[in-house]
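In what follows, a single structure is set out as structure tokens and then discussed.
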Amino acid sequence: MVCTESEVNKVAGIGFHLQGLFEEKSLYSKVRAYGLAGLVAAGPWIIITLTMAIIQWMIYQFSAVSSEERELFIFSVSYCFIFSQLLFSTQQMTVTRYVSDLMYNNELSKVFPAFLGTTKVVTVLALGVWGIFFLVSPLSYLYKFVLLALFLTINYMWILLLFLSAAKHYKAIGWSFLTGGLCSVFLAIVVIGNNGIWLTGKYPVPLQLTISIMIGMLVTVAGLMMVLLRTFPMWKSNGEFAYFTYYGRFPSLFWIGFLYTLGIWVCNWIIWFGEGSKVVAGSFIVHPIYDMAIFWSYLTILPVMILFIISVETRFYKYYKTFFSYVNEGGTLNQIRRAKQKMNKVLFQEIQRLVRSQMVVTVIVVLNAGYLLSFLNVNENVVQIFRLTAIGAFANGILLVMLLLLLYFEDRKGALYSAIIFFAINGGLTVSFLSFGYEGYGLSFSIGSLIGFVFAAVRLSIYLQRIDYHGFCGQGTQVNMSANRFQKLGEWLEHRQL
């Protein structure tokens, strides 16, 4: 069956709370609803982005901080975030599915072991990536070990976020990230404030600022960890790698998350070798202009994430649940068909509303890009690239919505094909346009995201026309030799006790 009751309940989340707020007529209730949806959709992302933006702004205000020191700090932290997302993508969707199934089946005693196993695997991967950096970078040993601490902390933060999101602890997540962000900003003020009094200290400014970020992230991790331990108090350690079986049962989940993340960053990696790129401190290949444009463009898609949470958790969910209740519990053919029609109608209405709303925001941003970015004192190349990457971010945001909807309906093949197309076109076009220099930057990201979005939307539309058929003859799970191999690997790791 394509979607069990377990899958239906995974969509629910904060839906009842949001519904109650929207049913109230006051403006305050609606503001609270949108605020809660924003916290769920992008709270941690917004807080981290604002933290980095505030610290960067403060650095620019002090002439005592040289451009070389500023770039070393910004890009070393950026590298930690980028590659932590890549490592996390190898675990994210598979572990999310595993933890969701455990929680639905009330097997809570297995959740903490899964957290330990995920943490150990990511630690090994992170040490491998950092080991390469350690060998090739000419930076001081102290700075490289501080970056290792930051890199591991960010990886652990993503893992804790995954487990607590599955448990719906959104407010605790928000407070933990906010506290950590404020701590980082405060420490950065101490480092660069007081007319630069600390800048003549024993340690370099980039090192002090990186430690400030690391301490703030540690505060966030500590807060998240306390919530996790309270939520899952059964702290046994056996079965840490049992989730490996899901790599065999649902192999496409790994590739969907990994390829989508690769598709996001592949343009940056290729453009790092194009016109305008540079090497910072002999360690980090970057393209300051393109990297800045893509960074700001992703901030423009916050509306689509908020509206998606609201539409899924309120209006769409009740029709989704009704349809699959009929499928799973033996409803009549007419009941199933009527429920299907209502569900599809509401879903496409919500998608159209979401696309229209985000399109309005993107058009306004693109038309006023020169004025908006003038406050950042950026050059014209950033503005030109930003206009293209903002369009790409719009399409990428809608593509992510399509991927999530395909996974809601258990069309893992469709989601996988969409991720492959997104990654392949982004990478291929970026290589093709690299010789155009600044004229081509951002174009490949926009085209690749648009094509990926269109393909995913068409796939979703076709799939939903036969959703009643898929409901009875769906993909199911793949319990095969591959699953057995992953199970044996997990058992071997369990025996070795990494």
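Glycine too: its Cβ is placed from the backbone N, Cα and C atoms.
Note that the structure is a prediction, hence the values are computed from the model and not measured.
The following features are taken from TrEMBL:
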- 33-60: transmembrane segment (TRANSMEM)
- 72-90: transmembrane segment (TRANSMEM)
- 111-135: transmembrane segment (TRANSMEM)
- 141-163: transmembrane segment (TRANSMEM)
- 175-197: transmembrane segment (TRANSMEM)
- 209-232: transmembrane segment (TRANSMEM)
- 253-273: transmembrane segment (TRANSMEM)
- 293-312: transmembrane segment (TRANSMEM)
- 354-373: transmembrane segment (TRANSMEM)
- 385-409: transmembrane segment (TRANSMEM)
- 416-436: transmembrane segment (TRANSMEM)
- 442-462: transmembrane segment (TRANSMEM)
Answer with yes or no whether the transmembrane segment (111-135) touches the transmembrane segment (293-312) by the criterion of at least three Cβ pairs under 8 A, sequence separation 6 or more. no
Tell me if the transmembrane segment (385-409) touches the transmembrane segment (442-462). I count contact as 3 or more CB pairs below 8 A, with pairs 6 or more residues apart. yes
What residues in the same chain, six or more past the boundaries of the transmembrane segment (72-90), come closer than 8 Å to it by Cβ-Cβ distance? 48, 52, 56, 59, 122, 125-126, 129, 143, 147, 150-151, 154-155, 158-159, 162, 205-206, 209-210, 213, 254, 257-258, 260-262, 265, 268, 280-281, 283-284, 286, 291
Other same-chain positions with a Cβ less than 8 Å from the transmembrane segment (111-135) and lying at least 6 residues past its termini are 83-84, 87-88, 90-91, 95, 98-99, 102-103, 144, 147-148, 151-152, 155-156, 159-160, 162-163, 228, 232, 234-243, 283, 490, 493, 498
Determine which residues of the chain contact the transmembrane segment (385-409) at the Cβ level, with the cut-off under 8 Å and only residues 6 or more beyond its ends counted. 2-3, 7, 11, 93, 256, 260, 264, 289-290, 293-294, 296-298, 300-301, 304-305, 308, 320, 347, 351, 354-355, 358-359, 362, 365-366, 369, 373, 415, 418-419, 422, 438, 441-443, 445-450, 452-453, 456-457, 459-460, 463-464, 467, 470
Same-chain residues near the transmembrane segment (354-373), Cβ under 8 Å, at least 6 residues beyond its ends: 296, 300-301, 303-304, 307-308, 311, 382-383, 386-387, 390-391, 393-394, 397-398, 401
